[in-house]
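To start, the structure itself, in structure tokens.
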Amino acid sequence: MGVEGCTKCIKYLLFVFNFVFWLAGGVILGVALWLRHDPQTTNLLYLELGDRPAPNTFYVGIYILIAVGAVMMFVGFLGCYGAIQESQCLLGTFFTCLVILFACEVAAGIWGFVNKDQIAKDVKQFYDQALQQAIVDDDANNAKAVVKTFHETLNCCGSNTLMTLTTSVLKNSLCPSSGNVITNLFKEDCHGKIDELFSGKLYLIGIAAIVVAVIMIFEMILSMVLCCGIRNSSVY
């Protein structure tokens with residue numbers, strides 16, 4: 001015997017929420033793949049300075065997002081199917097998966113908040129080391145290539161000190177030239193551009209995480225209410 005009345009409304013409401021959750025998983029998976037293959041981040045994070053690769057903390061986070069998106073799509077499908085079939089077993093499994101996902105999201109959110117500036121800091125240190133080598137050593141071709149890639153990708157020049165900026169503009173054409181010396185001298189520094197690049201992407205990820213967390217809370221409540229409704233309906 002199927003559920004009736006308010007419980008039936010909850011059943012279809014849970015189905016709708018799960019469909020939205022499934023779509024959200026697809027969006028997160030798509031955004032993560034876009035961030036993974038975004039030309040700006042790819043150009044910078046594939047660089048190597050001698051034996052030292054560029055910091056890969058950002059990509060670790062992206063791979064986690066890809067996994068989360070795929071799991072969300074699976075869990076969303078499980079919830080849709082469990083709601084339509086009115087299966088207590090599937091709904092219980094769905095609820096357990098949601099609790100685990102929610103706990104992981106909270107833990108990841110805390111870690112991300114604590115380390116939100118670390119990614120940009122690591123990339124800036126990598127850039128500063130390459131810039132220093134390129135300025136000091138005329139034969140540091142690898143360092144020059146790294147610096148020029150930063151400058152051309154971000155359309156910036158030098159770090160956040162005027163002395164380094166002026167030196168790097170005048171030294172070995174490391175900065176992209178606009179044909180105007182004054183414009184080159186006052187081109188935005190790369191530290192600001194690096195902060196802008198990563199803070200924008202982290203902001204996007206944060207909004208997505210909050211939306212998903214709200215949906216998950218509603219789904220956990222609805223799945224338990226529906227599960228209880230199914231159990232009660234089978235008694236009568």
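Glycine residues also receive a Cβ, built from the backbone N, Cα and C atoms like all the rest.
Cβ neighbour count for Glu219 (cholesterol binding site): 24 (other Cβ atoms within 10 Å of its Cβ, all protein chains included). Per Swiss-Prot, cholesterol binding site is recorded for Glu219.
Feature annotation from Swiss-Prot assigns disulfide bond to Cys156-Cys190 (among others); the stated evidence is similarity to another entry. Under the DSSP three-state reduction, Cys190 (disulfide bond) is assigned to helix.
Cβ neighbour count for Cys157 (disulfide bond): 27 (other Cβ atoms within 10 Å of its Cβ, all protein chains included). The disulfide bond annotation in Swiss-Prot covers Cys157-Cys175 (among others).
Under the DSSP three-state reduction, Lys116 (site 'Important for interaction with integrin') is assigned to coil, being neither helix nor strand. According to Swiss-Prot, the site 'Important for interaction with integrin' annotation covers Lys116 (among others), on the basis of similarity to another entry.
Among the features that Swiss-Prot reports, site 'Important for interaction with integrin' is placed at Lys144 (among others), with the record citing similarity to another entry. According to DSSP, Lys144 (site 'Important for interaction with integrin') sits within a helical segment. Using a 10 Å Cβ-Cβ cutoff, Lys144 (site 'Important for interaction with integrin') registers 21 neighbours.
Marked as site 'Important for interaction with integrin' by Swiss-Prot: Lys148 (among others). Counting Cβ atoms from all protein chains shown, Lys148 (site 'Important for interaction with integrin') has 17 others lying within 10 Å of its own Cβ.
What Swiss-Prot lists as topological domain 'Cytoplasmic' is 1-12 (among others).
Swiss-Prot lists 34-63 (among others) with the feature topological domain 'Extracellular'. Beyond the ends of the topological domain 'Extracellular' (34-63), by six or more residues, the same chain brings 112, 115, 118-119, 122-123, 126, 129-130, 133, 142-143, 146, 149-150, 153-154, 197-198, 201, 205 to within a C-beta distance below 8 angstroms of the stretch.
Summarising the annotation, Swiss-Prot assigns topological domain 'Cytoplasmic' to 85-89 (among others).
What Swiss-Prot lists as topological domain 'Extracellular' is 113-201 (among others).
Residues or ranges marked as topological domain 'Cytoplasmic' in Swiss-Prot: 225-236 (among others).
Residues 62, 65-66, 68-77, 79-80, 83-84, 204-205, 208, 211-212, 215-216, 218-219, 222-223, 226 of the same chain, all 6+ positions outside the transmembrane segment (13-33), place their C-beta atoms under 8 angstroms from a C-beta of that stretch. Annotated transmembrane segment per Swiss-Prot: 13-33 (among others), in sequence order.
Long-range Cβ contacts of the transmembrane segment (64-84) within its own chain (Cβ-Cβ under 8 Å, at least 6 residues beyond either end) map to 11-12, 14-15, 17-19, 21-33, 35-36, 90-91, 93-94, 97-98, 101, 104-105, 108, 205, 212, 219, 223, 226. Residues or ranges marked as transmembrane segment by Swiss-Prot on the basis of similarity to another entry: 64-84 (among others).
Per Swiss-Prot, the feature transmembrane segment maps to 90-112 (among others); the stated evidence is similarity to another entry.
According to Swiss-Prot, the transmembrane segment annotation covers 202-224 (among others).
A separation of roughly 28 Å, to the nearest angstrom, links the Cα atoms of Cys175 (disulfide bond) and Lys116 (site 'Important for interaction with integrin'). Across the fold, the C-alpha of Cys157 (disulfide bond) and the C-alpha of Cys190 (disulfide bond) stand 6 Å from each other.
Of all the disulfide-bonded residues given, namely Cys156, Cys190, the one with the smallest number of surrounding CB atoms inside 10 A is Cys156. Secondary structure at Glu219 (cholesterol binding site), taken from DSSP and collapsed to helix, strand or coil, is helix.
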